[in-house]
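Taken from Swiss-Prot, the feature substrate binding site covers 9, 10, 11, 171, 210, 231, 232. The active site, electrophile feature in Swiss-Prot is assigned to 95. Marked as active site, proton acceptor by Swiss-Prot: 165.
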């Protein structure tokens, strides 16, 4: 059984100084914690500094994004090869904020997943429906489309983690109900089984969307929830430590 995976997505927060101050407080109070894997995804500008600290811990260095080419005239982009060189192990691909603000579609996301896996990186592939999708009973249809298109010709389930993040629950304080999470995670698991057969069990499915120290226990008790992707609550070392220690 894979370890539970708890990932901090800092988004566009923390200077290098603030990131290092977080680690100074967070690492000692979570040291020696067994039975779970912890990941932290800082901004690109903090990756090298954070990575130098994490190298002496079991915490995994994650990135929030990557481009689908390893080099070239792509102003402002960062390649999988560059991230790997900095010690990154996991890359978040397909986050709803990337889809919304940077117009990333399933084709771009699929190319990014291919590029990261080819470089030996593991991928945290984000999927999720909007509030309008759920109101129109299209949740499963949307999830199926995102999974099938995003994982097209991806034959390495051992390199994949899926993060189910209903868009309407991200940063809103609104958490999907236990039944909604259970149904969606079961659907995702079954989709993965259709694609990968028994190898689908190698893929962890995380929940993301207003995860807090107050709701982490109930979320982790839901079937097929094998971790969480944490946004706002991961910015505070004490709050994130409480989530990790649930």
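Cβ coordinates are placed from backbone N, Cα and C, and glycine is handled just like the others.
Annotated features, which come from Swiss-Prot, shown on the structure.
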{"residue": "9", "record": "substrate binding site", "DSSP class": "strand"}
{"residue": "95", "record": "active site, electrophile", "DSSP class": "coil"}
{"residue": "165", "record": "active site, proton acceptor", "DSSP class": "coil"}
{"residue": "171", "record": "substrate binding site", "DSSP class": "coil"}
{"residue": "210", "record": "substrate binding site", "DSSP class": "coil"}
{"residue": "231", "record": "substrate binding site", "DSSP class": "coil"}
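Largest Cα to Cα distance within the recorded substrate binders 9, 10, 11, 171, 210, 231, 232: about 14 Å as a whole number. The CA atom of residue 95 (active site, electrophile) is located 8 Å away from the CA atom of residue 165 (active site, proton acceptor).
Sorted by the number of other CB atoms within 10 A, the binding-site residues 171, 231, 232 start with 171, the lowest.
Each of the binding-site residues 9, 210 was scored by the other Cβ atoms within 10 Å of its Cβ; the lowest score goes to 210. Each of the recorded positions 11, 95 was assessed for Cβ neighbours inside 10 Å, and the highest tally belongs to 95.
A C-beta separation below 8 Å, combined with a sequence spacing of at least six in one chain, links residue 10 (substrate binding site) to 19, 40, 41, 42, 43, 46, 64, 234, 235.
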